[in-house]
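Please read the structure below before turning to the comments.
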Amino acid sequence: MTRGDTADRPVGPVAVFGAGGHASVAMDVLTAAGYTVAACLTPGGSGEKRGVPILDEVEGIRILRAQGVRRAHVALGDNVLRERVTAMVQGEGFDLVSAISPTASVADDVEVGAGTLVVHGAVVNVGTRLGAGVIVNTLASVDHDGDIGDFAHIAPGTHLAGNVTVGARSLLGVGTSVIPETTIGHDVVVGAGSVVVTHLDSTVRAWGNPARTRKAAS
Ligand SMILES: CC(C)(COP(=O)(O)OP(=O)(O)OC[C@H]1O[C@@H](n2cnc3c(N)ncnc32)[C@H](O)[C@@H]1OP(=O)(O)O)[C@@H](O)C(=O)NCCC(=O)NCCS
């Protein structure tokens, strides 16, 4: 869908997979965007978070199905884990919801993949594609014609200039800047506070100003 579509308007309660800090943020965004959160699910989960129950994942799927909950959001900060759990959740028959904070600014033509989260204060400009399960975190920005791969994470305060491509599952650490026309491969980790001025190959760890490849991503 694009930001301008109304097909994904909030309907019905959402199961949140995950119960950590990122889940708290996702729940806050989901609620601000008009959803209600039915429960958090995590292996061995118990207790509550933000007034909703935390359920064991297997038991929770059974309970929520019986309650007619059909929608889910996977709120796990780890990109590889988020991809894996998303496949499981889809296999269990849930529809993935994406959520955009009302304080974020996302251009009407931006493609937003299933299960993607755009957190408070983020800006995503015209011509950009956000893949599935992407996180554009607090106060981050993706300028015009960006292409952000599935399950990538643009961390808080990171800024991408125009025509930047980021591959699947890559993490751009907090406060990173990327100059225009730059391509960052898949499964890359860019360290916090980096300035990316050259293309980065897939599966590397890079950091610094200018960001240099230091080692393979682990
Ligand atoms: C870049 C990063 C992945 C490196 O992690 P690592 O591979 O475990 O590397 P280490 O912690 O062993 O650090 C190796 C060296 O690089 C330095 N270093 C690490 N991260 C750095 C960064 N972002 N900028 C500059 N130097 C950095 C360390 O100080 C250390 O230096 P030393 O060898 O002189 O002691 C990590 O430090 C980082 O920045 N992660 C981003 C986290 C983030 O923003 N997450 C978003 C959450 S919402």
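Just so you know, glycine gets a Cβ as well, placed from its N, Cα and C.
Residues or ranges marked as active site, proton acceptor in TrEMBL: H144. Residues annotated as substrate binding site in TrEMBL: G77. What TrEMBL records for H153 is acetyl-CoA binding site. Positions annotated as domain 'PglD N-terminal' by TrEMBL: 14-87. Residues or ranges marked as site 'Increases basicity of active site His' by TrEMBL: D145.
If you compare Cα positions, G77 (substrate binding site) sits closest to H153 out of the recorded positions H144, D145, H153. Rounded to a whole number, the distance between the Cα atoms of D145 (site 'Increases basicity of active site His') and H153 (acetyl-CoA binding site) is 17 Å. In this structure, the recorded positions H144, H153 were compared by how many other Cβ atoms lie within 10 Å of their Cβ, and the smallest count belongs to H144. Within its own chain, D145 (site 'Increases basicity of active site His') has V126, G127, T128, G162, N163 as residues 6 or more apart in sequence whose C-beta sits under 8 angstroms from its own. Note: the domain 'PglD N-terminal' (14-87) comprises 31 helix, 22 strand, 21 coil (DSSP; helix = H, G, I, strand = E, B).
Counting Cβ atoms from all protein chains shown, the residue listed as 'substrate binding site' has 18 others lying within 10 Å of its own Cβ. Secondary structure at the residue listed as 'acetyl-CoA binding site', as computed by DSSP, is strand. Model confidence over the domain 'PglD N-terminal' (14-87) is summarised by a mean pLDDT of 97.
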